[in-house]
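Copied over from Swiss-Prot:
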| type | residues | note |
| --- | --- | --- |
| BINDING | 10-15, 78-80, 113-119, HIS134 | FMN binding site |
| BINDING | TYR12 | NAD(+) binding site |
| BINDING | TRP98 | substrate binding site |
| DOMAIN | 4-190 | domain 'Flavodoxin-like' |
Amino acid sequence: MTKVLVLYYSAYGHIEAMANAVAEGAREAGASVDIKRVPELVPAEVAKAAHFKLDQAAPVAKVEDLANYDAIIVGTGTRFGRMSSQMANFLDQAGGLWAKGALHGKVGGAFTSTATQHGGQEMTLFSIITNLLHFGMVVVGLNYGFAGQMGVKEVTGGAPYGATTITDGDGSRLPSENELNGARYQGRTIAETAKKLHG
């Protein structure tokens, strides 16, 4: 059975919701899916004062976990047009796996959130995808088979590089059904691709 890891960092729960949708899509394709989060780097008292969502069910990942999967789908909120420091710190620790070629040929993908429509979604996706390519992974985005990214009648996330959501500046906007459907579609597509490559 194809093994998929949905690896994420979520400060306020938006990416957690997207991660769950990505996992749903991968499971629809018959994959075995684990959802794990990267460690929080912000001191507990600061995170609490900033109202971070600290009650997330997903277990904390270990870097060595990455080698155990056929596909790894990475999600994090945007920080000034790039991935969060929490995710960058985690991926930076995968140098040993990189040196051994342990991630070569695995399928990867990225998803993200921003506060605004033009808040750096594509740049953040590229910052994740760059890491995946350096690891030797095969990257799968959110292709235009997902028609939900084609319309202009509603404010919505989604790009050919990966599923996205828009949170609003105060974080009050939760992922829309269309954005969650995009995440499901990407998760399903990545799982299907991994199955074709890895059996």
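Counting begins at 1 with the first residue displayed.
Cβ coordinates come from backbone N, Cα and C, glycine included.
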To which of the binding-site residues SER10, THR78, SER113, THR116 does the lowest count of other Cβ atoms within 10 Å belong? THR116
Using C-alpha atoms only, work out the spacing between the residue listed as 'NAD(+) binding site' and SER113 (FMN binding site) and round it to an integer in Å. 11
For the binding-site residues listed (TYR12, TRP98), most other Cβ atoms within 10 Å of the Cβ sits at TYR12
With the residue listed as 'substrate binding site' as the reference Cα, tell me which of the binding-site residues GLY13, THR78, THR116 is the closest one. THR78
According to DSSP, GLY119 (FMN binding site) sits in coil
Looking at the binding-site residues GLY13, GLY119, the one with the fewest other Cβ atoms inside 10 Å is GLY13
How would DSSP class SER113 (FMN binding site) in three states? strand
